[in-house]
Amino acid sequence: MQKLIILLLVAAVLMSTQALFQEKRLKEKINFLSKEKADAEKQQKRYCSDQWKSCSYPHECCRWSCNRYCA
């Protein structure tokens, strides 16, 4: 009976350790993807120079503002 209890305790410790490592990897992945998104947004703003370009729809402009020309 004592061996069973010890085995259950060891299994619980191993499972909780595994869960901690998975959580850490998930947080690292989220941080990495968030950084990529932020970098892409910065780059888009940096290279966005369509002001006074003719347009028909807002999505054609960097700032999504179209009144015949991008604003």
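Just so you know, glycine gets a Cβ as well, placed from its N, Cα and C.
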According to Swiss-Prot, C55 takes part in a disulfide bond; indicate which of C62, C66 is its partner.
C66
From the candidates C48, C70, select the one that Swiss-Prot records as forming a disulfide bond with C61.
C70
Distant-in-sequence neighbours of the signal peptide (1-19), which means Cβ under 8 A and at least six residues beyond its ends:
none
Neighbours of C55 (disulfide bond) among the disulfide-bonded residues C61, C62, C70 (Cα to Cα, within 10 Å):
C61, C70
Taking only same-chain residues 6+ apart in sequence, whose CB is under 8 Å from that of C66 (disulfide bond), what do you get?
C55, S56, Y57, P58, E60
Cα distance (Å, whole number) from C70 (disulfide bond) to C62 (disulfide bond):
8
